[in-house]
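Feature list (source: TrEMBL):
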- 113-214: domain 'CAAX prenyl protease 2/Lysostaphin resistance protein A-like' (DOMAIN)
- 7-26: transmembrane segment (TRANSMEM)
- 38-55: transmembrane segment (TRANSMEM)
- 76-98: transmembrane segment (TRANSMEM)
- 110-127: transmembrane segment (TRANSMEM)
- 139-159: transmembrane segment (TRANSMEM)
- 174-194: transmembrane segment (TRANSMEM)
- 226-246: transmembrane segment (TRANSMEM)
Amino acid sequence: MSKNTKKVLSFVALTYVITILFFIMLQGVGGKSNPKTLNLIGLSMTFPLISIIIVEKFIFKDTLKNFIKVSLKFNIWFFIGVLIPVVMGLIINIVSIIKFNTIIFSQKEFVFNVIIGLSIAAISAYIEEVAWRGFLYNNLKFLGIFKLSLLIGFIWALWHTPVTILYKYPSNPIIGVVINFLQMFVISIIITYIRDKSRSVFAAALIHGMFNTMILSSNMDDFKIVLIKIFLGILIITALTIYEFYKKSANLINYKI
């Protein structure tokens, strides 16, 4: 077993254990029925970072600089990463109005969500992304972007299971876990792709923050809305796949010429 694989397994195991113990503790003091626990859920975002510090510094005695540093070399993929959640949010809102006669967010709320997504939410997301699309990406990139995206997507989506069961869908946990897993899996693939194309964890943090404010807010947890999000996410992944295929085909033709 390679050192990178050992690091990844250690990180995933430690992150899952810390997260599960944390939510067991929250349940012990009332869980969702205790409003104070809702303010503590956000602490779980720091657990992946805590885990890589323990794994890198204390278990493997390595440096953290490769995962902590921020690359601000902006390119078109930063913009595309921000645009994707915005477009998805607008489409979901339009469909909700037409199909369900429900407005998810007003114009003012839309602007507010964009501002928060690009600032506070992005900074918070960066704490996570140092682990998911920083540590994991760097240690698994030998797999190639396809397998890498699927594996990180599985790990990331599964990590959200405790909050899904206990806070998002406590009355329907089985369906809730399945549908939220699919949602997070699809979103993760998009985030990982943007991270790969932009070559920046900060770009991943921006799109992650925008996803949190534009399509992952609590007023968009209805199963029907989540299914729309999954469908849109699959369409985006399909479009990105076609783009990659076309790009490679064009490069191959130019090479032969």
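Yeah, the Cβs are placed from backbone N, Cα and C, and that goes for glycine too.
In this chain, the transmembrane segment (110-127) touches the transmembrane segment (38-55); three or more CB pairs sit within less than 8 A of each other, excluding pairs fewer than 6 residues apart. Below 8 angstroms of C-beta separation, residues 77, 80-81, 84, 129, 132-133, 137, 145, 148-150, 152-154, 156-158, 160-161, 164-165, 168, 203-204, 207-208, 211, 216, 223, 226-227, 229-230, 233-234, 236-237, 240 of the same chain, each at least six residues beyond the ends of the transmembrane segment (174-194), sit close to that stretch. Contact count against the transmembrane segment (139-159) (Cβ pairs under 8 Å) is highest for 7-26, out of 7-26, 110-127, 226-246.
By the count of Cβ pairs under 8 Å, the stretch nearest in packing to the transmembrane segment (226-246) among 7-26, 76-98, 110-127 is 76-98. Taking DSSP states H, G and I as helix and E and B as strand, the domain 'CAAX prenyl protease 2/Lysostaphin resistance protein A-like' (113-214) has 93 helix, 0 strand, 9 coil. This prediction places the mean pLDDT of the domain 'CAAX prenyl protease 2/Lysostaphin resistance protein A-like' (113-214) at 96.
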